[in-house]
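> This is the structure I have questions about; it appears just below.
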Amino acid sequence: MGKEKIHINIVVIGHVDSGKSTTTGHLIYKCGGIDKRTIEKFEKEAQEMGKGSFKYAWVLDKLKAERERGITIDIALWKFETAKYYVTIIDAPGHRDFIKNMITGTSQADCAVLIVAAGVGEFEAGISKNGQTREHALLAYTLGVKQLIVGVNKMDSTEPPFSEARFEEIKKEVSAYIKKIGYNPAAVAFVPISGWHGDNMLEASDRLPWYKGWNIERKEGKADGKTLLDALDAILPPSRPTEKPLRLPLQDVYKIGGIGTVPVGRVETGIIKPGMIVTFAPANITTEVKSVEMHHESLEQASPGDNVGFNVKNVSVKELRRGYVASDSKNNPARGSQDFFAQVIVLNHPGQISNGYTPVLDCHTAHIACKFAEIKEKCDRRTGKTTEAEPKFIKSGDAAMITLVPSKPLCVEAFSDFPPLGRFAVRDMRQTVAVGVIKSVNFKDPTAGKVTKAAEKAGKKK
């Protein structure tokens, strides 16, 4: 085997009926982790259920159903390969918690693939004021997904089919729209596709003779190609933040017989390795890491993106919980926050939000009520310029700079320092009513916390 391919994450966005599932299913089906046996099983079931047309969306429906039932499905099913990358689809919308997942997401997407439907009237519905196309694209940009690919889907159902004029019309309109959000259209590949029939998905289609391919320009250089797969291959690989101080939000804490306390989570920045003295914020508990495991194999060191379990000494399961953050006690350790200042974008709140509003915030793995202590200013979502100082209230569509105060100890960071710990979803009435990006944090002075014997011993050894 040659050198392993780089792993990248994409998120697929777009309006409900744009054909996201079919397109995604097609990629997974053709280049992906679904083995022949599973596909045959799905096809057989599809025929029995009279879904003979089957195609690709069904693959995705099956996977989604399993994911939502909480069956830990083989994540390989959500992966596929390009010439350069292993691609993981981290979430496909349509899932009720999509927005929340995208924010607290187990991972940051490196690129968003926006699917728009070219069918008569369909594109217009998706991009209309209340269509989801706009909201998803804005969210992706706000949350730091700076690369975008646009798939103009259902080219087979334009009038006439595979119409160049329709493709150009959509390209022009979407370009204007994404430019408003902050994307540079010159760096975005627009690919006319049919996710159902497969035109321009993996191979150039002869049914669009007018289409000469896409080409993009960005400061890292130019790229061009014909298909959606080519465009995915042209994604700029992410730099994984290994050099930064460790931040590892805990997803769970287990007590394992014969081993002891094992916190589990994903390394967001930095590295973790046996022998390291870690501090858990906001509780300020410091102890030594005895071992680090991933998929039941012990590691010398874990890096950003790795989901790991690590064994800590002299700390009981009761002292740690989901939402705490592990960090290196000797390198800019994490601390609890007194309050923090954030840009908040209200997505869908039926009323008015004023000072004192206290919804639940989902930030990395933490889930804690926070008070909107002071709405300092309303601002333009795109430029960040102030439009009104100290507004009495804000409502859907507004962006504002707000000071938030957590009701219980909480560990967050500025988005510019640690992106995964600096973005949050505001949940109320069982839905995501707003999203936020943290600009600055007012940290608590750590009160004397618990330092375990193991940490003291290890500290002396150094």
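For all residues, glycine too, the Cβ spot is worked out from N, Cα and C.
Remember, it's a predicted structure, so these values are computed and weren't measured experimentally.
Sharing the record's features from Swiss-Prot:
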type	residues	note
DOMAIN	5-242	domain 'tr-type G'
MOD_RES	G2	blocked amino end (Gly)
MOD_RES	K36	N6,N6,N6-trimethyllysine
MOD_RES	K55	N6-methyllysine
MOD_RES	K79	N6,N6,N6-trimethyllysine
MOD_RES	K219	N6,N6,N6-trimethyllysine
MOD_RES	K318	N6,N6,N6-trimethyllysine
MOD_RES	E374	5-glutamyl glycerylphosphorylethanolamine
REGION	14-21	region 'G1'
REGION	153-156	region 'G4'
> Rounded to a whole number, how many Å is the Cα of K79 (N6,N6,N6-trimethyllysine) away from the Cα of K219 (N6,N6,N6-trimethyllysine)?
29
> Just how many other Cβ atoms lie inside 10 Å of the Cβ on K318 (N6,N6,N6-trimethyllysine)?
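The answer is 9.
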> Can you give me the Cα-Cα distance between K219 (N6,N6,N6-trimethyllysine) and E374 (5-glutamyl glycerylphosphorylethanolamine) in Å, rounded to a whole number?
39
> Within the region 'G4' (153-156), how many residues are helix, strand or coil going by DSSP?
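Across the region 'G4' (153-156), the residues distribute as 2 helix, 1 strand, 1 coil.
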> Across all chains shown, how many C-beta atoms besides its own are within 10 angstroms of the C-beta of K79 (N6,N6,N6-trimethyllysine)?
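By my count, 18.
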> Out of K219, E374, which of the modified residues has the smallest number of neighbouring Cβ atoms within 10 Å?
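So among K219, E374, the modified residues given, the one with the fewest Cβ atoms within 10 Å is K219.
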> Take every residue in the domain 'tr-type G' (5-242), average their pLDDT values, and give the whole-number result.
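Per the prediction, mean pLDDT sits at 78 for the domain 'tr-type G' (5-242).
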